[in-house]
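**Student:** So Swiss-Prot lists these for the protein:
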ACT_SITE  His179  active site, proton acceptor
BINDING   Val17, Asp38, Lys43, Tyr69, Gly83, Ala84, Ala122, Thr123, Asn124, Ser147  NAD(+) binding site
BINDING   Gln86, Arg92, Asn124, Pro125, Val126, Asp127, Asp152, Thr153, Ala154, Arg155, Thr233  substrate binding site
BINDING   Arg157, His172  beta-D-fructose 1,6-bisphosphate binding site
MOD_RES   Tyr224  phosphotyrosine
Amino acid sequence: MRNQKVNRTVLIGAGFVGSSYAFTLINQGITDELVIIDLNKDKAMGDVMDLNHGKAFAPHPVKTWYGTYDDCKEADIVCVCAGANQKPGETRLDLVEKNLKIFKGIIGEVMASGFDGIFLVATNPVDILTYATWKFSGLPKERVIGSGTTLDTARFRYLLSEYFGVAAHNAHGYIIGEHGDTELPVWSHANIGGVPVSDLLKRNEKYKAEDLDELFDNVKNAAYHIIEKKGATYYGVAMSLARITKAIYRNEEAILTVSAHLDGEFGENDVYIGVPAVVGRCGAREIVELDLNEKEKQQFKHSAGVLKAILKPHFELQA
C-alpha cells in the first residue's frame, strides 16, 4: 500500500454491483482515484464517461478512468465484483465452480502487477471466494476481506427499527455466519437503544417472538425476494462495500460484520466467514468474539461447517 495521501481504488467488474459501488464511491467522495476494469470495455468506458459527467456535483473530486491490471500496482484497495451472476432459484454456493475459475485468473493478474494493498471481495459465494482470494494472492489474512454479512446486518437493523418504531441507527444487532442460507441472528446481543430485545418482549405483549422469527426469515431471504422482483441485488451491497472502503481509508477502526479469517475465534479455524471485525487502514485487524449462547454457538458451527465442506475439495484446510 502506498504511503501517500492519494487513495486509489480499483474496481474489477462493472456489472450491476460494480457500477453501483463506483457511483456510491463518487457520490460520497470516498476515494481519490477510481480505476474500472472489465472484460466489456465499452460498458466500463461508458460507466467512466457517465460518472465523470456528474463530477461537478460530487462532494470530492475523484479521478476516474478505464484501466488495466497494471493500475493495480499503485492501488490501495482492489474491489472484486466480477463473476457469474446468481440466477433465480440458484443459491450463492451453486456459483462456486464457475467463480473459482474466474477468480484464479483475476487474482493472478492483480498480483502480477505488484499489488500490495487490500482486497475487498463482493462476488458470491463471498465467503468462499474471499478464502480463495487469500490463497491465490498470498497476502496476509487481514488484508483480504469479504463483504460478508455487512448487508445482512444492515437489513436486520432496518427491519428491527421498523418493527420497534425507532431509527435504524438505534437498532443494534448482528447477522453472522455464511452470507447465505446458514447465516444466523445474534439475538442474545440484539438491542434497541441499549435495551435488550428479549427484555422488550417481556415488557410489552404487542412484541412477539414469532414476529421476530419472521423478521429474520425476511433478512435471510431478502436477496431471493429482490431477485424475483428485479433480477438482481446491487444497491444495498454497493453501499455496504462503500462503507467498508470508507472505514479503511479513514482508518475508522469500525466494527463491521465482514467476511474475515478465523484462527481459533468462535471455536473455528481456517475459514472466512461473516463476523464482527475491527476494520481500518490495515484491513480487518481484529475479530470481535461475541459471547454466544448455546443455540447460537451450534448454529455458527453448522454455518462454518457448510463453508468448510465447500472449500475442502478445492483447498487443503488446516485442522
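Using the three backbone atoms N, Cα and C, a Cβ is placed for every residue, glycine included.
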**Student:** Here are some binding-site residues: Val17, Ala122, Ala154. Which one has the most Cβ atoms within 10 Å of its Cβ?
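**Tutor:** Selected residue: Ala122.
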**Student:** Can you see whether DSSP assigns the residue listed as 'active site, proton acceptor' to helix, strand or coil?
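**Tutor:** Assignment for the residue listed as 'active site, proton acceptor' reads coil.
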**Student:** Quick check for the class: what is the C-alpha distance, in angstrom and rounded, between Tyr224 (phosphotyrosine) and Ala122 (NAD(+) binding site)?
**Tutor:** 17
**Student:** Roughly how wide, in whole Å, is the group Val17, Asp38, Lys43, Tyr69, Gly83, Ala84, Ala122, Thr123, Asn124, Ser147 that binds NAD(+), by largest Cα to Cα distance?
**Tutor:** 24
**Student:** Name, in the order they occur in the sequence, the residues of the same chain whose CB lies under 8 A from the CB of Thr233 (substrate binding site) and which sit 6 or more residues away.
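**Tutor:** The list for Thr233 (substrate binding site) reads Val17, Ala222, Ala223, Ile226, Ile227, given in order along the sequence.
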**Student:** Check the Cα distances from Val126 (substrate binding site) to each of the recorded positions Lys43, Gly83, Arg157, His172, His179 and keep only the ones within 10 Å.
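**Tutor:** Near Val126 (substrate binding site) by Cα: His179.
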**Student:** CB neighbours of Gln86 (substrate binding site) within 10 A?
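**Tutor:** Taking all protein chains shown, Gln86 (substrate binding site) has 19 Cβ neighbours within 10 Å.
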**Student:** Provide, as an integer number of angstrom, the distance between the C-alpha atoms of Arg157 (beta-D-fructose 1,6-bisphosphate binding site) and His179 (active site, proton acceptor).
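**Tutor:** If we compare the Cα positions of Arg157 (beta-D-fructose 1,6-bisphosphate binding site) and His179 (active site, proton acceptor), the gap is 16 Å.
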**Student:** In angstrom units, rounded to an integer, how far apart are the Cα atoms of Ala122 (NAD(+) binding site) and His172 (beta-D-fructose 1,6-bisphosphate binding site)?
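**Tutor:** Cα to Cα, Ala122 (NAD(+) binding site) and His172 (beta-D-fructose 1,6-bisphosphate binding site) are separated by 24 Å.
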**Student:** Whole-number Å distance between the CA of Gly83 (NAD(+) binding site) and the CA of His172 (beta-D-fructose 1,6-bisphosphate binding site)?
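**Tutor:** His172 (beta-D-fructose 1,6-bisphosphate binding site) has its Cα 32 Å from the Cα of Gly83 (NAD(+) binding site).
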**Student:** Given the binding-site residues Gln86, Asp152, Ala154, His172, state which is nearest to Asn124 (NAD(+) binding site) when distance is taken between Cα atoms.
**Tutor:** Gln86
**Student:** For His172 (beta-D-fructose 1,6-bisphosphate binding site), what is the secondary structure state per DSSP, taken as helix, strand or coil?
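**Tutor:** Going by the DSSP assignment, His172 (beta-D-fructose 1,6-bisphosphate binding site) falls within a strand, counted as strand.
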**Student:** DSSP three-state call for Asp152 (substrate binding site): helix, strand or coil?
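**Tutor:** In three-state terms, Asp152 (substrate binding site) counts as helix.
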**Student:** Rounded to the nearest Å, what's the C-alpha distance separating Gln86 (substrate binding site) and His172 (beta-D-fructose 1,6-bisphosphate binding site)? Just drop the number here, would you?
**Tutor:** 29
**Student:** Taking just the CA atoms, what is the gap between Lys43 (NAD(+) binding site) and the residue listed as 'active site, proton acceptor' in Å?
**Tutor:** 28
